[in-house]
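*Asks:* Quick one: this structure, given as C-alpha cells, is what I'll be asking you about.
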Amino acid sequence: MSKKPAALIILDGFGLRNETVGNAVAQAKKPNFDRYWNQYPHQTLTASGEAVGLPEGQMGNSEVGHLNIGAGRIVYQSLTRVNVAIREGEFERNQTFLDAIKNAKDNDKALHLFGLLSDGGVHSHINHLFALLKLAKSEGLTKVYIHGFLDGRDVGPQTAKTYIQQLNEQVEEIGVGEIASISGRYYSMDRDKRWDRVEKAYRAMAYGEGPSYRSAMDVVDDSYANGIHDEFVIPSVITKENGEPVAKIHDGDSVIFYNFRPDRAIQISNTFTNKDFRDFDRGENHPKNLYFVCLTHFSESVDGYVAFKPVNLDNTVGEVLAQHGLKQLRIAETEKYPHVTFFMSGGREEEFPGEERILINSPKVATYDLKPEMSAYEVKDALVKEIAADKHDAIILNFANPDMVGHSGMVEPTIKAIEAVDECLGEVVDAIIAKGGHAIITADHGNADILITETGEPHTAHTTNPVPVIVTKEGVTLREGGILGDLAPTLLDLLGVEKPKEMTGTSLIQK
C-alpha cells in the first residue's frame with residue numbers, strides 16, 4: 001500500500017532578509033524553493049532569542065533549533081535557565097553552589113571559579129561568573145580564585161581585554177576574587193583528545209606552571225605582541241610580587257566550572273576529577289578530592305556535582321509518532337546527523353520503535369567551501385529511494401550545506417551550496433507530493449543570509465533573522481508569529497495525530 005508521507009525538511013542555516021548584499025540565500029538561483037514558496041501557504045518563523053529559549057537577541061544554533069523543533073515547545077537553554085535563576089534569586093539559593101562554598105569555608109580551602117571569559121553565550125556567560133563572585137562574597141569567602149579561559153571565537157578574536165577589564169571592575173566592586181591563571185580556549189577547552197593542549201592548561205591551574213605574569217592584562221599584551229590572539233593564548237600563571245603564583249588548585253579545594261555547554265568542558269573536568277585518568281601524567285601531587293561543581297551535566301565520566309540538572313523532555317515528536325505506531329525516518333549527512341537524531345529526540349541516543357536512521361558520510365575535505373554541495377546529492381538519492389519504497393509515514397531530513405558552507409563567510413561557495421540543496425529539495429519534495437504526501441520546508445536558524453559584515457569583513461556566525469516555513473498543502477493558511485516549537489505540532493497535524501499536552505507549541509495550520 002502506498003504511504004502518504006509527511007516530511008519535515010530542515011535547510012540548515014537558511015535565514016531570510018530583504019537586503020541582498022552578502023546574502024547567499026537571496027543571490028542563489030533556487031527555482032524549486034521559489035516555486036513552493038509561490039505555490040503553497042508560507043510564513044516566517046522566529047528562530048532566535050526567547051522564542052527558542054535563548055536570551056533576547058541571541059542567535060539560534062543547530063542544537064537549540066532541533067531541540068525546540070523536536071520538542072514542540074520552547075526548550076529553555078542552559079544560558080536562559082541560569083539567567084532566569086539569577087533574575088529570580090534561585091541562583092543564590094542553589095544548594096550545589098552553597099555546598100561547594102560550605103566545603104571551602106568549613107575546611108579553610110579555596111574556591112576556584114573557572115570557565116570561558118566572554119559574553120558569547122555559546123559555552124558560557126561572564127555574568128554567571130559575576131553572580132558566583134557575589135554569592136561567594138555574601139557567604140563570607142575570601143579565598144576565591146578565577147582561572148579565565150579566553151574566547152576569541154564566539155566573540156571577536158581580540159576582545160579579551162574588554163572582558164578582563166569587566167572582571168577587574170566587578171572584583172573591585174564586589175570585594176572578592178583574584179585572577180590566578182589565564183589560558184586560550186584552544187588549550188583549556190579542547191574536545192578532540194589533544195591532551196598535550198589540555199595538559200598545559202591543567203599545569204597552569206594545578207601547579208602554577210607556565211609563563212608567568214603580574215596581571216591578566218600583561219598576558220594578553222605579551223600574546224598580542226607575539227601575534228597570538230585570544231583563543232590561542234598559552235596557559236599562563238599570574239604571580240604575586242614575590243614571584244609565587246597567586247593560587248594553585250590544592251587537595252580538597254572547591255571548584256565551580258561555570259561553562260554550561262558540555263562538549264568542550266568534559267576533557268579538562270575529567271583531568272581534575274577522574275581517579276583513573278590516564279591521558280597524560282598528572283604528576284604525584286595532582287590535586288585530589290576536589291569538591292567539583294559543573295554548572296550543568298557535562299558527562300557521566302565527570303566525577304562531580306551538577307548545579308543545574310538536566311530537564312527531561314517527554315513526548316518529543318519521535319516518541320509521539322512511535323506511540324501511534326507510525327514509521328519514521330531520520331536522514332542527514334554526518335555534520336547534522338546528531339541534530340536529526342539525538343537533539344530532535346530531546347537528547348535521547350536510542351531509536352524509538354519504528355524509527356529508522358540513515359547516515360550519509362560528509363565529504364572528507366579541509367573546509368566545506370572546497371565542496372559546497374557536500375553530500376546533499378547522496379542524501380537526496382538515498383531518500384528518494386526510501387520514498388519510493390513506501391516504508392515511512394514521517395520523514396525528518398536535514399540539508400547541512402547553507403550552514404556548514406556559510407560558516408566560511410564566503411559568498412560564492414555558499415551560493416553554490418544553496419543551489420545544490422535547491423536541486424535536491426525539488427526532487428525530494430516532488431517525490432513526496434507524487435505519493436500524495438506533504439512537506440514542511442523550513443530552517444533551524446539563519447547563517448547564509450549574512451556573509452559580509454557592515455565593515456566588509458567575512459561574517460561567519462549565525463544570524464537572528466527569521467526562517468521560512470512552507471507547507472505543501474493546498475487550501476490551508478498558515479498563521480503568523482510562529483516559532484520552531486510549532487513545527488512538530490504541524491507535522492503531527494498533517495498526519496492526523498493529536499499533539500500531547502507537553503507540546504505547548506501549536507500547529508501553524510489555521511483551522
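We number each residue from 1, going along the chain as drawn.
Keep in mind that glycine also has a Cβ here, set from the backbone N, Cα and C atoms.
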*Asks:* Starting from the substrate binding annotation in Swiss-Prot that includes Arg153, Asp154, Arg185, Arg191, Arg261, Pro262, Asp263, Arg264, Lys336, which of His123, His125, His229 is the extra site residue?
*Replies:* His123
*Asks:* Swiss-Prot records Asp403, His407 as Mn(2+) 1-binding residues. Which of His392, His438, His462 is assigned to the same site?
*Replies:* His462
*Asks:* Ser62, Asp444, His445 show up in Swiss-Prot as binding Mn(2+) 2; which entry in Asp12, Asp390, Asp393, Asp493 does that record put in the same site?
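*Replies:* For the Mn(2+) 2 site that includes Ser62, Asp444, His445, Swiss-Prot also lists Asp12.
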*Asks:* Counting only residues 6+ away in sequence within the same chain, which have a CB under 8 Å from the CB of His445 (Mn(2+) 2 binding site)?
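*Replies:* Expected: Asp12, Gly13, Gly15, Ala47, Ser48, Met59, Gly60, Asn61, Ser62, Val64, Gly65, Asp403, His462, Thr463, Val467.
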*Asks:* I need the CA-to-CA distance for His123 (substrate binding site) versus Tyr36 (phosphotyrosine), whole Å please.
*Replies:* 37
*Asks:* When you measure from the Cβ of Asp154 (substrate binding site), which residues in the chain that are at least 6 apart have a Cβ under 8 Å away?
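*Replies:* In sequence order, Leu116, Ser118, Gly120, Gly121, Val122, His123 meet the Cβ cut-off.
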*Asks:* Round to a whole number and give the Cα-to-Cα distance in Å for the pair Pro262 (substrate binding site) and Tyr36 (phosphotyrosine).
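*Replies:* Rounded to the nearest whole number, the Cα-Cα distance is 39 Å.
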*Asks:* Taking only the Cα atoms, work out how far Arg264 (substrate binding site) lies from His407 (Mn(2+) 1 binding site), in Å, as a whole number.
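*Replies:* A Cα-Cα distance of 19 Å.
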*Asks:* Return the residues near His407 (Mn(2+) 1 binding site), defined as same-chain residues 6+ apart in sequence whose C-beta is under 8 angstroms from its C-beta, sorted by sequence, else 'none'.
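*Replies:* In sequence order, the residues whose Cβ lies under 8 Å from that of His407 (Mn(2+) 1 binding site) (at least 6 apart) are Tyr368, Asn447, Thr460.
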*Asks:* Given a separation of at least six residues and a C-beta threshold under 8 Å, show me what packs close to Asp444 (Mn(2+) 2 binding site) in the same chain.
*Replies:* Ile10, Asp12, Gly13, Ala47, Gly60, Asn61, Ser62, Gly65, His66, Ile69, His339, Val467, Leu484
